[in-house]
Amino acid sequence: MQRHATVLLPAKERFVMKIGVFVPIGNNGWLISTHAPQYMPTFELNKAIVQKAEQQQFDFALSMIKLRGFGGKTEFWDHNLESFTLMAGLAAVTSRIQIYATAATLTLPPAIVARMASTIDSISGGRFGVNLVTGWQKPEYEQMGLWPGDEYFSRRYDYLTEYVHVLRDLWDTGQSDFKGDYFTMNDCRVSPRPQQPMKVICAGQSDAGMAFSAQHADYNFCFGKGVNTPAAFAPTAARMKAAADKAGRNVGSYVLFMVIADETDDAARAKWEHYKAGADEEALSWLTEQSQKDTRSGADTNVRQMADPTSAVNINMGTLVGSYASVARMLDEVAAVPGTEGVLLTFDDFLTGIDAFGEHIQPLMRCRDHLRVTQEVA
């Protein structure tokens, strides 16, 4: 009879990077192309994705929030689920993987988010955290009368600072009397409180966004850059580390990449070229138009990178295209960038992509050696 024992590598030998999946809460995932897989977002699809991710030893799953899409032939992101309710359902059908929902802070009062997060903390057994976004796409909020005016672009992190203050009050103590320019709490209560310290994540790439993350977030997401240039985001991670060091805190960077992999480099490259050839130009034009409406935040924002025509077919997230071995090597290069704690992955086809990652890519990654801790014992 055989059994398995867990063998941990000595700390000095560990080279660890966390892996997450950016679940497709909107139709067609992250490829704005008529040649890409076309599908609607459903709970069953996302359940299958996150359960596969858990089986393949992914560390976390995150969903965005999107309230209006880009249109075009593919109706890109015109069809979306809601983040908190989706992740509550996924928390109930998983057991180990960390679960993160996104709060569109212009639409939800912080006291309500605090209570919803505490509820999902209970459902998940302490596996839940919150991603906070300020909102950049004006039509998402104008359609429901919630856009506060274009001056919001320049003061959104002041708003978010007050927002997170209320959240921390309620999660940490169960009570808040916070008084600010945007929020007024009068003996506001939340109970039960989370059983674990609630993790807050943000996705700031502008100086203001990074300054906020340095002060208030536990992790900061950033875009990877380019195609098969895995370390090109290093200056962004360095800026985040410098901001966190200045604040006296440790805030690691988590980097967004799309993986397009196959058995050979040529096969993977052929898929990538096929997707680019089918780019939905109408939807991409709408994205470009929206990105130009924020004239107050500078050129270093996430949305400016998303709309760059260089690789807009997948909103210019870093893209790793190649054989399983090539992608594994590139992800190890990502892990070697100072300040990097993890990656958030999307796939051209999530169901087959996650299995291929777990079976063919992850076993080749040095930064995932800690998973190979089982050995047969006679």
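Each Cβ is built from the backbone N, Cα and C atoms, and glycine gets one as well.
Keep in mind it's a predicted model, so treat the numbers as computed, not measured.
Annotated features in Swiss-Prot:
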| type | residues | note |
| --- | --- | --- |
| BINDING | Ile65, Lys66, Asn131, Glu140, Arg156, Tyr157, Ser206 | FMN binding site |
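Listed in sequence order, the residues of the same chain lying 6 or more apart from Arg156 (FMN binding site) and placing their CB within less than 8 Å of its CB are Thr134, Gly135. Of all residue pairs in the FMN-binding list (Ile65, Lys66, Asn131, Glu140, Arg156, Tyr157, Ser206), the one with the greatest Cα separation is 21 Å apart. Sorting the binding-site residues Lys66, Ser206 by the number of other Cβ atoms within 10 Å puts Lys66 first. Within the same chain, the residues at least 6 positions away from Glu140 (FMN binding site) whose Cβ sits under 8 Å from its Cβ are Lys66, Leu67, Arg68, Ala104, listed in sequence order. Tyr157 (FMN binding site) carries a helical DSSP state (H, G or I). Within 10 Å of the C-beta atom of Ile65 (FMN binding site) sit 23 other C-beta atoms, taking all shown protein chains into account. DSSP assigns Asn131 (FMN binding site) to a strand.
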